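K.L.:
Just passing along the structure, written as structure tokens.
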Amino acid sequence: MEIATALGCFVGFAFGGLVFVAYKLGLLYQLFHKTETQSPRHGGESVAEVLRAHGVKFVFTLVGGHISPILVACEKLGIRIVDTRHEATAVFAADAVARLSGTVGVAAVTAGPGLTNTVTAVKNAQMAESPLLLLGGAAATLLQGRGALQDIDQMSLFKPLCKFCASVRSVKDIAITVRKALAIAQSGTPGPVFIEFPIDTLYPFHLVSKEFGVKNPPKGIMGKVVTWYLHNHLKNLFAGAWETRDVSPLPVHIPQATDNQVQKCIELVSRAKKPVILLGSQATLPPTPTDDIRAALESLGIPCFLGGMSRGMLGRNSPLHIRQNRSDALKEADLVLLAGTVCDFRLSYGRVLNRRSRIIAVNRDKTQLLKNSDMFWKPTVAIQGDAGSFLLRLSKGLKGHTCPEDWPQSLKAGDVTKEKANRRKADEKTDRHLNPLSVLHRVDELMADDSIIVADGGDFVGSAAYIMRPRGPLRWLDPGAFGTLGVGGGFALGAKLCRPESEVWIIYGDGSLGYSVAEFDTFTRHKTPVIALVGNDACWSQIAREQVPILGSNVACGLAFTGLYVAYCTLIGTILGISSAHSHTCNVSVGLYHLFGCPNTHPIHSLFSPFLDYHIVADGYGGKGTLIGREDEDKLDGIIKEAQKETRQGRATLLNVLIGKTNFREGSISV
């Protein structure tokens, strides 16, 4: 009896062990799910089907063999493939689409260096809270870690940057993995997600099987085991691959304030005499339409400071939109509503908030909601929820109540006084070239009402943020809290594709332009005409403005003093008795141009200019470039209008504006 029992246990364990082994080897799944060896279908088709079902209209890419099936399948299903000149640009463009369309932006890049080139752009999307799906190629499943081409541990790179990372291990898993990733990207605090596709999960069975074939297998039992294992792995890759699967969107979870929290805030706001709202990018996120948020803010009548994507929320000239003197207003306010705004460096870590003020903080992310609240500020009410939906509920609860009119009026009066002073600075003559403030004012006055402004730069863009006025919601794009240079080309590309009828302006510094000027080729090929305004002072001025006075050196801050120009300056300096030619070169050059009647458009300029000829680069990529100097000041309006005409006719344009120095924003630093 004992022997029989023991034998039964042994048989049971052995059977269980065999079942477990069969399960791990995929043999059980193969019993019930067919491997269609003759099917011409491939994994890229599964990716494309899910993307189409989720309303994805564009996939941005720089092509590579690892991901070709995804691109081909998407194109066949009507998803537009937009190829760029750098992988980072592809991700930046997807980021812009996510912000402007309310859907997930999608980029696809090849394995290894293709993915590593996207790291900065993905981190930027994470910090900007943009829902973005990055599709990456990878080495074949059995070759990972064995020295395959462009094979690295990609998952370790992206796990700290993304809300969700997955590596597809069989074709049948593609649909559910992509659906899950898209839902996670939009849920809670939006952000980037990453899916790795080994190359053997994307190509058809007949091609993959050729790569799995062993031409000279080892002899004997080991050879048979290796051959069987490879064949079984191949069957597992494709078992059940083409069975019908659900590709529809999964539910998206968005945190909301409770009724009790909203009621408490209604009571606080109703008692406030000097309330202020600080609106951040989160307020523009779905599901609340931006027009509804604007109506809610106007109903509340509370003065607002707008940041990030919320710039333009109240239109160009709203009496509630306060642009200047924020620190003074916060010191005086008795209630501050942080609607998607974070107490990081942009609010001096919370130190600008008055400790006597009641503070309502609303943010989807708990960490951002309470950032630095242990040091410099304390929320009266902290709500982990959607800022846009909260504002609508707050406005509804305060229907009939409005902020005392004298408070926004007093802030607006200060606003007007400060902006008049800024305008006077724009009228001042700089030592050389054009006053950058004057240029920005004139562009702002002439740009179309449907314009989208893309900000990519340091000093010049910092000035533009004070001067240029987005005409409406979702018409200002900047990198966000990460402060990334190089977003311009990608953001503008995504913006123009989302809003083809809109005028898209990139405000570039001459330093930041270098990152994405090659995308003028992309603008030309994909018929996405934009206007690039380059503030060209041949300097990394945002850095120089602190490095020079603090450390006494301009090292690495200067640009474009090279070649014939240096020899030319040395000669002129010797003739005129100038010991430090470089400190006087531009004045000398301008003087000689006038003496000899050589305007900036003269070919001799390209030989002796201290400024890089970015306008010629744009021409080379199929765009239209124009150099603008002091002698063009009276013609500036006409040049701007001509650039607008060129873009309406389908040609991207670049205005290379030579600018001088002003003391505007003196004292601002870049760290």
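Start at 1 and count along the chain as shown; that gives each residue its number.
Yeah, the Cβs are placed from backbone N, Cα and C, and that goes for glycine too.
Just so you know, TrEMBL annotations are computer predictions that nobody has curated.
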K.L.:
When you get a sec, could you say which of 29-48, 409-428, 509-528 is annotated region 'Disordered' by TrEMBL?
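P.N.:
When 29-48, 409-428, 509-528 are checked in TrEMBL, region 'Disordered' belongs to 409-428.
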K.L.:
Which sequence-distant residues neighbour the compositional bias 'Basic and acidic residues' (415-428)? Criterion: at least 6 residues beyond either end, Cβ under 8 Å.
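P.N.:
Residues 322-325, 435, 437-438, 440-441, 466-467, 662-664 contact the compositional bias 'Basic and acidic residues' (415-428) from elsewhere in the chain.
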K.L.:
The domain 'Thiamine pyrophosphate enzyme N-terminal TPP-binding' (42-157): mean pLDDT?
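P.N.:
Summing pLDDT over the domain 'Thiamine pyrophosphate enzyme N-terminal TPP-binding' (42-157) and dividing by its length gives 96.
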